[in-house]
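Taken verbatim from TrEMBL:
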- 43-292: domain 'G-protein coupled receptors family 1 profile' (DOMAIN)
- 27-50: transmembrane segment (TRANSMEM)
- 62-84: transmembrane segment (TRANSMEM)
- 104-122: transmembrane segment (TRANSMEM)
- 134-153: transmembrane segment (TRANSMEM)
- 200-227: transmembrane segment (TRANSMEM)
- 239-263: transmembrane segment (TRANSMEM)
- 275-294: transmembrane segment (TRANSMEM)
Amino acid sequence: MGSMEGYNTSSTDFIFMGLFNRQDTSGLLFAIISLIFFTALMANGVMIFLIRTDVCLHTPMYFLLSHLSLIDMMYISTIVPKMLVDYLLGQRTISFMGCTAQHFLYLTLVGAEFFLLGLMAYDRYVAICNPLRYPVLMSRCVCWMIIVGSWFGGSLDGFLLTPITMSFPFCNSREINHFFCEAPAVLKLACADTAVYETVMYVCCVLMLLIPFSLVIASYAQILTTVHRMSSVEGRKKAFATCSSHITVVTLFYGAAMYTYMLPHSYHRPEQDKVFSVFYTILTPMLNPLIYSLRNKDVTGAMKRALARCKGVQRVSGDAF
């Protein structure tokens, strides 16, 4: 990729150490990440399209899922396109303003997803434990409150932490040992004492993780109790199928995030941090729609109906000619 001295950098530019720093594997890694990125965009786009166009999916759960897919599309797009373009152009720099914007968008979107996944557990709790009251407890107004609340929580995190993170004076060495402007990696370059701020950020991140995760645990404890008491075998299977998808997504996303933000610094190594960050910033946006669609009969049914409609339109168009 060339030497560091070869880059045109200003005094305010940062340099990513990145993922593509090994010549023998950089091409393969670029191809894999490109495939994951376009698969994530396509899979989430298809989910949004099916949920919006298929009447059978016009339910609160799928309404929340469509917003999860929207967040995932925006989330992966704040990180991966920059990585891929930089690789093709042979550069690894990002301006101070670019880093600030990426940091803000990342915090906002990841925070919104933390809260949304947690609140989606409430939807499953109501559907299984209080099915008769479901239309009232999960009305359209409540769904919009969940969406607005998730975005508000994520935005609050971004607006609070980004200005403080980027206001620290940075040392002459502006090499970020990461592939995007994640707070812990950026703070390592600060020439000031960041201990107090890192403690505040740690508490903030713990709350953002533990509050939604506690809601998930509490909801599924009630759900498992209710499912265990079900007399219908078919009802149990359907409940487990729906809930297992959500549990899988939550485990993947929260697990990697907890490693990054809740594990003490002494247990962190830059290479491990990159791997876990790849998992919940790049892999999870692709896995979310695949997990929900492949394990869900409603979504696969909607896909079949959409394909049937396309074939019908093509047949009508062919007959017209």
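Glycine is treated like the rest: Cβ placed from N, Cα and C.
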Beyond a gap of at least 6 residues from its ends, the CB atoms lying under 8 Å from the transmembrane segment (275-294) belong to 19, 33, 36-37, 39-40, 43-44, 46-47, 65, 68-69, 72-73, 75-76, 79-80, 106, 110, 178-180, 182, 245, 248-249, 252-253, 256-257, 259-260, 300, 303
For the transmembrane segment (239-263), out of 27-50, 62-84, 104-122, 134-153, 200-227, most C-beta pairs under 8 A are with 200-227
Review point. Any chance the transmembrane segment (62-84) and the transmembrane segment (200-227) are in contact, meaning at least three CB pairs closer than 8 A with a sequence separation of 6+?
Key: no
Residues outside the transmembrane segment (27-50) whose C-beta sits under 8 Å from one of its C-beta atoms, at least 6 past its ends, are 19-20, 57, 65-66, 69-70, 72-73, 76-77, 80-81, 83-84, 87, 282-283, 285-286, 288-290, 292-293, 299, 302-303, 306
Long-range Cβ contacts under 8 Å made by the transmembrane segment (200-227), restricted to residues 6 or more beyond its ends, are 111, 114-115, 117-119, 121-122, 124-125, 128-129, 153, 157, 160-161, 165, 183, 236, 239-240, 243, 247, 250, 254, 257-258, 261-262
